[in-house]
Amino acid sequence: YKLSVAPEMDIMEYCRKEWRGNTPVAKRMRKGYEAVAQKFASIRRVRGDNYCALRATLFQALSQATQLPSWLQSEDFTMLSENLLSKYDWIKQWQLKQKLGRKMGEISEEIKEYLILLRKKWKNISEIKGPIEKQQACDKLFKNEEEEYSLYEALKFLMLNTAIELYNDDKNGRRVPVFSWLLFARDTSSNPCQLMHNHLNHIGHSGGLEQVEMFLLAYALQYTIQVYRLYKYSTDEFITLYPNDPEEDWPVVTLITEDDRHYNIPVRMCQETML
């Protein structure tokens, strides 16, 4: 198996290797990496397929997990696919991982398996006390393609569930975060059904996550995703938070991107920033 998240490498060494020239872009990238290196010592490259935003976020969340999030503990978590399919017939067109000869009725069972797997892996890894052992468990999981891709299907389904909740809240006059309006203001996703067909079904196959979908992922996981956007260095968007007004009790994961398409992960917080 290929490792989906490469071993760590010194952040400035990585930067020098990637950005040698003297173009304005290379200079900006180097400045950006220098700023990240004030906080983090190393970088781990994330495999660059269309799952990389999900992969980087989940890897970071698991590698620092110390408990099972409350939404993963709830009784009806594993019933999610059955409950949603009973209300929304269009979810039958959910695009699962490519498996031949699948019958329509199996979709809810298959998603249920993925959700159970997500809960199990999160629980197991969060119970590991030693940081080295925890890291080894994460590395092992992200070498197992079958399991890894099943977890991304679970995350995508949680994103759909969150989108449906937000859409219904808005229709019923409840307050929703601003990104939710932006999500459903797109011609291609004016409701959850379109969002599924035109966006979520394509993630991992023909497209990655767009910016507004990073907010959706953050809400689905109840995590704040902090991203160093290197090409925005020296602007106020250099460090972007999804959501930008996070709940105080949400844990934070940190990613790095050079272009808002591919994400890598910074690791090893420098000592002084931890104090």
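Positions of Cβ are set from backbone N, Cα and C atoms, glycine also.
Small disclaimer: the values here were computed from a predicted structure and weren't measured.
According to TrEMBL, the features are:
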- D49: active site (ACT_SITE)
- C52: active site, nucleophile (ACT_SITE)
- E237: site 'Linear diubiquitin binding' (SITE)
- H262: active site (ACT_SITE)
Which of these active-site residues is closest to E237 (site 'Linear diubiquitin binding') if you go by CA atoms: D49, C52, H262?
H262
C52, H262: which of these active-site residues has the sparsest Cβ neighbourhood within 10 Å?
H262
